[in-house]
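Okay, so Swiss-Prot annotates it like this:
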- Glu165: active site, proton donor (ACT_SITE)
- Glu373: active site, nucleophile (ACT_SITE)
- Gln17, His120, Asn164, Tyr309, Trp417, Glu424, Trp425: substrate binding site (BINDING)
Amino acid sequence: MAFPAGFGWAAATAAYQVEGGWDADGKGPCVWDTFTHQGGERVFKNQTGDVACGSYTLWEEDLKCIKQLGLTHYRFSLSWSRLLPDGTTGFINQKGIDYYNKIIDDLLKNGVTPIVTLYHFDLPQTLEDQGGWLSEAIIESFDKYAQFCFSTFGDRVKQWITINEANVLSVMSYDLGMFPPGIPHFGTGGYQAAHNLIKAHARSWHSYDSLFRKKQKGMVSLSLFAVWLEPADPNSVSDQEAAKRAITFHLDLFAKPIFIDGDYPEVVKSQIASMSQKQGYPSSRLPEFTEEEKKMIKGTADFFAVQYYTTRLIKYQENKKGELGILQDAEIEFFPDPSWKNVDWIYVVPWGVCKLLKYIKDTYNNPVIYITENGFPQSDPAPLDDTQRWEYFRQTFQELFKAIQLDKVNLQVYCAWSLLDNFEWNQGYSSRFGLFHVDFEDPARPRVPYTSAKEYAKIIRNNGLEAHL
């Protein structure tokens, strides 16, 4: 089961989740610094990313892990407030530039291609104080930051992700309030943030296109989180429609404007407009793009970056009471099949990724696809011999092989989440996704490979699985 020649085998991390050094060498505070320092049990045991894996000082150790796996690509993110402590180019932190230059140069020296994320949930606190993603002012701030990164690192970085999981960020931070700033705005904040995230991404893509592409010859996209969604009752028309609506609300709401035509899907617009009207709003809670903005947004991605972890069943749930919220707007309820195995929120459904990839191929004109995250957690304490978890990975690779061979999906890169056990947002250090175990009790933060790391290294060496379908 050999994958296509030149297939990219990667692992991923993100700045706040691994770096630590939260106030080292002139770094400014980000929203997760503020949020975790406030306590209040919003994060498991009030844990913080102040030290995390210590990657800010232990990059050499991370590099050893990368070399041990034989990765072809490594995806990491830049800390916006490490580079620009107040979020603006008014003051530039040279120590931050030096740190990322070293990572990029070391990767290239070792034949590893960097995939760099500009922004992975860790907004500079100064910009959150000015309204964050609910304010239109952020679009310009993000564009300036993106241009700064393109001009500083783009001579060597050719694969960029502007915004990580924009669809998760908008909902978790600004609708449900489970991520910083921690203030819920049910049924309004998520859409407002989505609107600004889409425009910020598009602006930065155009900046790359007009100012840097000719010389640097790179590619720019954003990454979107996607759960595959199946009708709970495959014979029920209302469940079938609900499953389609669910995918549209959570993936296409971002992907359709960017990849197809600059505007939100019709069903999203009509559902939210009709709910808003019933609730007595003077206009839809979903903001509208101007014709000018639609032109600006359309076609602003050079590849499709998707992050798949799990699948859910969907059934139709009429919003009789007119409650506010995104699920209520979509009129859906989601839940797992009781027969699926799970660790925490991740139910193991490897076939879901095959269906998702086919959906992206068919809906978005057969784009080049990167899976920029996929993985399985272990609960703490996690055994180093994680054979059960490796089995989930193996089944996933079989499904990817099928998608490439049978469905002719143009999948070019796979990133395992994550290189290291790390700070998993609200779950703190209780959920371990690493290919390498990190001992968070030991100040030296030693990295030790799980069985999965050794097995993944074999897959990379063979460019695929040894067994046949």
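The backbone N, Cα and C atoms fix where each Cβ goes, and this holds for glycine too.
Just so it is clear, the model here is predicted, and its values are computed rather than measured.
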List the residues in the vicinity of the substrate site, defined as same-chain residues other than Gln17, His120, Asn164, Tyr309, Trp417, Glu424, Trp425 with C-beta within 8 angstroms of the site's C-beta centre.
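Going along the sequence, the neighbours appear as Ala14, Phe121, Glu165, Glu373, Ser418, Asn422, Phe433.
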I'd like to know which of these recorded positions, Glu165, Glu424, is least surrounded, judged by other CB atoms within 10 A.
Glu424
Between the Cα atoms of Trp417 (substrate binding site) and the residue listed as 'active site, nucleophile', what distance do you get, rounded to the nearest Å?
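One finds 5 Å between the Cα atoms of these residues.
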With an 8 Å cut-off on Cβ-Cβ distance and a minimum sequence separation of at least 6, pull the same-chain contacts of His120 (substrate binding site), or say none.
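Ala14, Ala15, Tyr16, Gln17, Ser77, Asn164 - these are the non-local Cβ neighbours of His120 (substrate binding site), listed in sequence order.
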Rounded to an integer, what is the Cα-Cα distance in Å between Glu373 (active site, nucleophile) and Trp425 (substrate binding site)?
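Taking the Cα atoms only, Glu373 (active site, nucleophile) lies 15 Å from Trp425 (substrate binding site).
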Using DSSP and collapsing to three states, where does Glu424 (substrate binding site) fall: helix, strand or coil?
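In three-state terms, Glu424 (substrate binding site) counts as coil.
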Please work out the number of neighbouring Cβ atoms within 10 Å of the Cβ of Gln17 (substrate binding site), leaving out its own Cβ.
26
Long-range neighbours only, meaning 6 or more apart in sequence with Cβ under 8 Å: which ones does Tyr309 (substrate binding site) have?
Phe225, Val227, Ile346, Glu373, Asn374, Gly375, Phe376
With the substrate site defined by the record as Gln17, His120, Asn164, Tyr309, Trp417, Glu424, Trp425, how many Å span the farthest pair of C-alpha atoms?
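For the residues that bind substrate, the greatest Cα distance is 18 Å.
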Could you state the CA-to-CA distance between Glu424 (substrate binding site) and Glu165 (active site, proton donor) to the nearest Å?
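On Cα coordinates alone, these residues lie 14 Å apart.
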Would you mind reading off the Cα separation of the residue listed as 'active site, proton donor' from Trp425 (substrate binding site), to the nearest angstrom?
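Trp425 (substrate binding site) has its Cα 14 Å from the Cα of the residue listed as 'active site, proton donor'.
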10 Å Cβ neighbour count around Trp417 (substrate binding site)?
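By my count, 25.
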